[in-house]
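Lifted from TrEMBL, the feature list:
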BINDING   K22, V23, K24, T141, N248, F249, R250, K268  ATP binding site
DISULFID  C71-C120  disulfide bond
DISULFID  C81-C104  disulfide bond
DISULFID  C87-C114  disulfide bond
DISULFID  C172-C182  disulfide bond
DISULFID  C216-C225  disulfide bond
CARBOHYD  N139  N-linked glycosylation site
TRANSMEM  294-316  transmembrane segment
Amino acid sequence: WVFLWEKGYQETDSVVSSVTTKVKGVTLTNTSTLGARIWDVADYVIPPQEENTVFVMTNVILTLNQRQGHCPELPDDKTECKVKNNCVPGYVSTHSNGIQTGECVPYNSHIKTCEVFAWCPVEDDYHIPKPAFLKEAENFTILVKNNIWYPKFNFSKRNILPNINSTYLKNCIYDSQTDPFCPIFRLGKIVEAAGQNFQEMAVEGGVMALQINWDCNLDRAASHCVPKYSFRRLDNKDSAHTVSPGYNFRFAKYYKDSNGTESRTLVKAYGIRFDIIVFGKAGKFDIIPTMINIGSGLALFGMATVLCDIVVLYCMKKKYYYREKKYKYVEDYEL
């Protein structure tokens, strides 16, 4: 077990890794608010570069042309009002979009809400677009470039293997059966391989893990040291716990007109964050662990007789019979 299965004759080292990514894909949307619009990598990969992670926006709520000013707050139990006295000047709650002015103003023809000093109009995120705004994101691809190093053995390699040429790299898509070493992954296939539905996940977002395993036996040729890819969903998807699901965040794009008036487009981005997790270990023959494990094995053989004696002399039914055969009692003739 120690020598053959656990390779007790080898010295081991943990992997040191670096990861870079590149996403590709273009999609078209056509809505009454935005009209026909092309979305490319600069629009849906936010931010452009992260460490071992890439976020792809799949759904979005846009609030266009916001300016600082006075406007009605979104209606809820704490902001709806009938008269001015229902609103408290300077009041701010955890979920406020601004600071209340103390006025009660019409939100629409049926409801009045407290006026706030905020970026107006305030964002309305009660209704998430379904299906996802960028539902074609499942056809986007991500190129993962991974360099690994085992410092103890001064061994380095990358997941774009030596036999991969430019022509193959431009046309391949990872498949566990036909293309297990292609470093280009289709986003829909990543989610599918983890047992999830991409279109469902795209609505509210989530977190996926792209795992790269580098377990290498360096007593063999370097060509046998290859990456193994696996996928799983990291955020909890449980139908019994639906509070604050998925993954989203906000950011804004700011503008100034010719008069110097500042405005912005507020973006609430839903999407899938892909975490690239690299792990593994390498082993190579070394005389020191070999001798240590041989010594430990010999010591265990010496313990074997002691353990057997304990079992047969104290645990078995015929322990008295064994004791009579093991020990011989002699008389003391001097007495």
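Even glycines carry a Cβ here, placed using N, Cα and C.
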If we count other C-beta atoms within 10 Å, could you say which of the recorded positions N139, T141, N248 has the fewest? N139
Across all the protein chains here, work out how many other Cβ atoms are within 10 Å of the Cβ of C81 (disulfide bond). 22
If you pair up every Cα among K22, V23, K24, T141, N248, F249, R250, K268, the residues annotated as binding ATP, what's the maximum separation in angstrom, rounded to an integer? 24
Could you round the CA separation between C120 (disulfide bond) and K268 (ATP binding site) to a whole angstrom and send it over? 15
Between V23 (ATP binding site) and N139 (N-linked glycosylation site), how far is it from one CA atom to the other, in Å? 11
Expressed to the nearest Å, what is the distance separating C81 (disulfide bond) and K268 (ATP binding site) at their Cα atoms? 27
Subset of recorded positions (K22, K24, N139, C172, C225, F249) lying within 10 A of C87 (disulfide bond), CA to CA, in sequence order: none
Relative to the Cβ of C104 (disulfide bond), which residues of the same chain, six or more apart in sequence, are found under 8 Å away? C81, K82, V83, K84, N86, C87, K112, T113, C114, E115
